[in-house]
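Data block below; observations after.
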Amino acid sequence: MDANLRRKLDELPAEPGCYLMKDRAGEVVYVGKASSLRSRVRSYFDPGRGDQRAFVALLDELLGDLEVIVTRSEKEAVLLENELIKKHRPRFNVRLRDDKDFIVLKLDERHPYPRLEVRRAREKRQPGARYFGPYSSASSIRETLRMVNRHFQLRTCSDHVFDHRKRPCILYQIHRCPAPCVYEVAAEEYRQSVEDAVEFLEGREGELVERLRGRMAGAAEGLRFEEAARLRDQLQAVERSLEKQRVLMSDRGDRDVIGLYREGPDLVVQVLSMRAGKLQDAQAHPFREQEFPDEEILSSFLSLYYEHTDAPDEILVPLEPVQAEALADVLSERRGRRVRLLTPQRGAKADLLDVARRNAEQGFRAWHEHDERREQALAAVARALHLARPPRWMECYDISTFQGALAVGSGVSMKDGEPDKANYRRYKVKAVAGQDDFAMLHEVITRRLRRALGEGQLPDLIVIDGGKGQLNAALAAAKDLGVPTRPSPGNPDAPFVELVGLAKSRLVDGPSLGTARVVGRRGRRAEARLADAAEAAEKGFVSELARSPERVFLPGRKDPVVLRQNSAELFLLARLRDEAHRFAITFHRKLRRERNFQSVLEEIPGIGEGRKRALLRHFGALRRVREATPEEIAQVEGFGPRQAAAVHAFFHRPDAPPIAADEPSGAPAGAPGGGPAEASPEAVAAATEAEIDAALADEDASPEPAA
């Protein structure tokens, strides 16, 4: 340890605060908090604490500087640590998934007919609204929302649609919604359905079951058989839900149980959420390179996790976290009620901690097995494509254009086989006019590689969505910039990026390479080589679907590599390519709508660029602007009664421009004369959303000639 660090250790104050450990490059690698900065930080370098020697040795190697921030209280230190971790994202701190990944259900009880909405947990909580969650996955929240809306018949339409609908939607016809948007539905009756749904979401099904039984019996006695049947269906749905839930505690309390399992620097924190004594959800949170003590890791985790999640009455933890009392005060303040952190040593609650620990161990095993499969898939990609190394950092690029208009490019990133959305990029093609996919791709790859050279970081592999022509355009861009696409024999450590082209499978006409799904006379299915399709037909098999295989084009090779069907390497590359395609089409659709929106609003006198953007942000679609009242338009930023009246009058004059409906119609628009011509802005504006989306999606409607 150098003299500067030793001096800082000697001068540490015995006060609460946070400390930032930095490496020799000045990057923050760990943030911690302490009730006494002197005691906590010096403990890392105390030779008498043998249980911490592994990470102390690591500190001796990495630590270059130390910074401390003194706070007025321990509670303030807890809050500051949370903010510092989010700001610096240190290597050795626990970091949860981005908070935009956490999803909750929101119920705005200020509305006379509220609905359940899916919201990001990071959104600011609104007064008068109730929140349920967070949910561990999008599928779980969709299933919950589907069940609640189906059996408790809450409306699903947005407030804007609710205010402007003139006739009921299909959900009313199939008895899934009472249509309060159109018909007079008693607010008290709807409120009863809302309260039933709230009890179900909060895990108080026992009370709900008793009340539903009483109301069902009352409806039957009053000869209201249709109402009784509806209540019976609700009761059966709730009882089925109860059968799936495991009762772990008889006291019907709300608590979270935290389990922790570690092997070396890797660990998993398991959260078992119990509501009304029943297990409601289970989430496993894996973390790498966690060299610091478990009590510090647990404290940071709880502070971060409950920032966007309502803490229950009790949180059972396997060991006492650092500054447990201050942490409990922070969680209680966030919740508005008391939250207790307990570490039971015996009894039923201690048994729950053991269950959580065993679940954490199981989650750890599953996590590492997933890592092994991912490593095998990356190695398989390297072998199949003759790459110099496993592609840990892959990117894929795609071009999206409608007859040469509004051309855009997309780039998606994948690191270690997982999406890396922080490095997703969108490109507006600037230097190419007309329908020239190769030139567009050359421009996009040039801009990407130029930025990579400036940052000093090249991906391992760039996948081009397309065939040999698209790959050659990308290779030309790399050559123009002097970017190596193969390792240098004389300097194996020199940076380089490899490029390949991935061509989609297509429908084929007649015998060709690849496989076909064939069906026999007795319904038996089998994979057959397309070259043997005629023989298969003679034997009584009929081709169900014939497609060419996915083909990967490599630099300097005439024939493409055909990847094995259903292989891990094909799945990984196709997933990357499809994500790039989705990202490009989404961006193209956004630009299209903005352009159509702007072109129509340009005809309204007195509406400048700022007000156009405000209308677009507020309403999102021209149809919604047309349906809005002058009072609703006046609520948009920058609009007063005069501007709102002008917009409303423009859309309701006798010669108002037609506004395409959101519903898809028509077929893909084609260009006359065989080849696609560049579309004018007017043509793009006139085409329906469905027509353009279908053209961009490239659904392979026409067969590919036989090879």
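Each Cβ is built from the backbone N, Cα and C atoms, and glycine gets one as well.
Feature annotations, reproduced from Swiss-Prot:
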type: COMPBIAS; residues: 660-670; note: compositional bias 'Low complexity'
type: COMPBIAS; residues: 677-689; note: compositional bias 'Low complexity'
type: COMPBIAS; residues: 690-707; note: compositional bias 'Acidic residues'
type: DOMAIN; residues: 14-94; note: domain 'GIY-YIG'
type: DOMAIN; residues: 206-241; note: domain 'UVR'
type: REGION; residues: 655-707; note: region 'Disordered'
Task: the domain 'GIY-YIG' (14-94) - residue tally per DSSP class, helix then strand then coil - done: 35 helix, 22 strand, 24 coil
Task: Segment-level pLDDT (mean, integer) for the domain 'UVR' (206-241) - done: 79
TODO: Kindly report the helix/strand/coil residue split of the domain 'UVR' (206-241) according to DSSP, in that order.
DONE: 33 helix, 0 strand, 3 coil
